[in-house]
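Asks: Dumping what TrEMBL says about this protein:
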{"type": "COMPBIAS", "residues": "30-46", "note": "compositional bias 'Low complexity'"}
{"type": "DOMAIN", "residues": "65-492", "note": "domain 'Major facilitator superfamily (MFS) profile'"}
{"type": "REGION", "residues": "26-52", "note": "region 'Disordered'"}
{"type": "TRANSMEM", "residues": "112-132", "note": "transmembrane segment"}
{"type": "TRANSMEM", "residues": "144-162", "note": "transmembrane segment"}
{"type": "TRANSMEM", "residues": "168-190", "note": "transmembrane segment"}
{"type": "TRANSMEM", "residues": "202-222", "note": "transmembrane segment"}
{"type": "TRANSMEM", "residues": "228-246", "note": "transmembrane segment"}
{"type": "TRANSMEM", "residues": "312-333", "note": "transmembrane segment"}
{"type": "TRANSMEM", "residues": "345-363", "note": "transmembrane segment"}
{"type": "TRANSMEM", "residues": "375-396", "note": "transmembrane segment"}
{"type": "TRANSMEM", "residues": "408-427", "note": "transmembrane segment"}
{"type": "TRANSMEM", "residues": "465-485", "note": "transmembrane segment"}
Amino acid sequence: MMFMVFGSYNPGWDCLGEDNTSLSWPTALPTGHPTGQPTGQTTGQPLANTSSLPANWELSSETSLTANASVTESASGAGNGSCDIISRCSAVAFVEGSSTVVTEWGLICDKAWVPSVIISVQMVGVFVGSVLTGAIGDRLGRKVSLYGNVSLHTLVHLVVIFSTSWEMYAALNFFIGVAVGGMISTAFVYPVEFVSQWWRGMLGTLPAWNVSSALFSVIVLWLRDWKLVHAVICGVSALTLLPVFWTPESMRWLTVSGSLVRAHAVAKKIAKCNGREAPSVEMIRSVSEHERKKNASVDTYSYLDLFRDKTLCIFTIKMGFIWLCLSITYFTISFGIKSLSGDFYSNFLLFSITELPGLLMVAPTSNRLGRRRAGAIHFLTSASACLIVVLMVFFAPNSPSRDLTINILALVAKMVTTGGWMVATIFTMEIYPTVVRSLGVGYVNSASRVGAIIAPYIVSGSPDLLWLPFLIIVVVLVICTLLMLSMPETLGSPLPDTMGSTRIKKPQPLLVEPDTEKSEGAFI
């Protein structure tokens, strides 16, 4: 999901003349071998469409601009190429030390729009994956849905290494997006259906996304090569396929879908691990029959069912908009890292690591204050940090600590938004009944992908417009807060299983799961 934060990074470039000197600066570029040619990768890709150049630019129509060299950061003025003089370049040399999608296919100047398009194409894939997997997860099961997408993810990351053009790369990124969208839609639903209500809050503190994001930034800092990073992702993704042989299907899903034998087998396995007595087959059958009487068939559920019930429809519309706003906030800050001051790789690592502290307050706030108020506090804190950035740009433009302060505030905003999104995730899973929970999570994930598609175009490359993305974030987070506070509380309420069972109760004073010995149906 975060690959193009690195892939879209432009390390800087210089325009080279025929004698391998910089046309931007009158300094000879360093040489790398006895022939005296500059060192670096050769892409052979044209960097400009010569037929569209202004008539007053001195460039023959037969001239081809290619990225076939690199320059060191120590070279005087290296990395300060200007699109105004690119028509006079014999070649373009990127600052050495980084191999990104931008440097591979020379996506600068008249192709500077391409990275944003690649990001949007991938996010469209995530949108499609979220929609498809929600239906697959509720029809075929959580396990089939999750590991099917992991398999696709592994395969495409291997194939994408051999891309021969940015168009091919963008097309393959669409399928990476489909796999990622599918995994996200299932990965949070799957474990929730195995645990009691108190542990649902604790699941929100497990920093799987955030630890992986931090590790990913370390890998990027270490390798700095887009092909090698894809190879590492492929290997890690392949490793996550191993648990498919012993991971059980969701007992809740098996029960409500009528697979009683498999549900009882999973129940016995869980009971044995926890030293508890397994629920009887008769109890599982009674729950399944009750579900089938109340609903015609689990196979009849679709995304339309999220809007049939008036209460569930209101939840769905509000929660979808909340996820869209959170996505705009998170990805605008993430894809805007390259626009902040300082070293890109250091900032990337720092912005990834600082997501972890944002999760520390998820369990305490959501379990004590409730999901609504906890989410609202996170959203308003992030909005406040972004508002200060806007005020600094206008009222302290020449402050010596301006750039550092903006970086810190952006860090705070992303950190708190991460925690708020996790609260929203817990809230979402507690609202939807088991029979459509995967559909519900798929829906809100799809809504968030719309925000992710929009986010690359909100990021401003101009220092004069740095305030605009932060102002947009303030507005969307205020909307998030109002919507969150308008929702009923789910803290202390049982996890609903069937359509029509979404009845939110008032928070109970003690978060104690019902004793299974006193209530046979407590587990379901």
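In case you wondered, yes, glycine gets a Cβ from its N, Cα and C as well.
Whatever TrEMBL says is automated annotation, not expert-curated.
Please situate the listed features within the shown structure.
Replies: Residues 129, 133, 136-137, 169, 172-173, 175-176, 178-180, 182-183, 185-187, 190, 227, 230-231, 233-234, 237-238, 240-241, 244, 438 of the same chain lie 6 or more positions beyond the ends of the transmembrane segment (144-162) yet place their CB under 8 Å from a CB of it.
Packing against the transmembrane segment (202-222) from elsewhere in the chain are residues 2, 6, 187-188, 191-192, 195, 229, 232, 345, 348-349, 351-353, 355-356, 358-360, 362-363, 366, 418, 422-423, 425-426: each is 6 or more residues past its ends and has a CB under 8 Å from a CB in it.
The list of residues near the transmembrane segment (228-246) in space but at least 6 beyond its ends in sequence, with Cβ under 8 angstroms from a Cβ of it, reads 3, 6, 143, 147, 150-151, 153-154, 157-158, 160-161, 219-220.
The list of residues near the transmembrane segment (312-333) in space but at least 6 beyond its ends in sequence, with Cβ under 8 angstroms from a Cβ of it, reads 306, 351, 375, 382, 410, 413-414, 417-418, 420-421, 424, 427-428, 431-432, 440, 443-445, 447-452, 454-456, 458-459, 469, 472-473, 476-477, 479-480, 483-484, 486-487, 499, 502.
For the transmembrane segment (345-363), the list of distant contacts is 2, 5-6, 201-202, 204-205, 207, 209-211, 213-214, 216-218, 220-221, 224, 333-334, 337, 374, 378, 407, 410-411, 414-419, 422-423, 426: same-chain residues at least six beyond its ends, Cβ to Cβ under 8 Å.
For the transmembrane segment (375-396), same-chain residues at least 6 beyond its ends with a Cβ under 8 Å from one of its own Cβ atoms are 322, 329, 361, 365-366, 369, 402, 405-406, 409-410, 412-414, 416-417, 419-420, 423-424, 427, 466-467, 470-471, 473-474, 477-478, 480-481, 484-485.
Listed as Cβ neighbours of the transmembrane segment (408-427) (distance under 8 Å, sequence separation of 6 or more from its ends, same chain) are residues 188, 200-201, 203-205, 210, 319, 322-323, 326, 329-330, 333-334, 336, 340, 350-351, 354-355, 357-362, 365-366, 371-372, 374-375, 378-379, 381-382, 385-386, 388-389, 392, 470, 473, 477, 480, 484, 487, 490.
Tertiary neighbourhood of the transmembrane segment (465-485): same-chain residues 318, 321-322, 325-326, 328-329, 332-333, 336, 339, 372-373, 375-376, 379-380, 382-383, 386-387, 389-390, 393-394, 406, 410, 413, 417, 420, 424, 458-459, selected by CB-CB distance under 8 Å and a gap of 6+ residues from either end.
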Asks: With Cβ-Cβ distances below 8 Å as the criterion, list the same-chain residues six or more beyond the ends of the transmembrane segment (168-190) that contact it, or say none.
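Replies: Sequence-distant neighbours of the transmembrane segment (168-190): 1, 3-4, 101, 105, 114, 117-118, 121-134, 136-137, 142-143, 145-146, 148-150, 152-153, 156-157, 159-160, 203, 208, 250, 425, 429, 437-438, 441-442, 445-446, 449.
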Asks: Are there residues at least six beyond either end of the transmembrane segment (112-132) with Cβ under 8 Å to its Cβ atoms? List them, or say none.
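Replies: Contacts of the transmembrane segment (112-132) (Cβ under 8 Å, skipping residues fewer than 6 from its ends): 1, 4, 7-8, 101-102, 105, 149, 166, 169-171, 173-185, 303, 335, 442-443, 445-446, 449-450, 452-453, 455-457.
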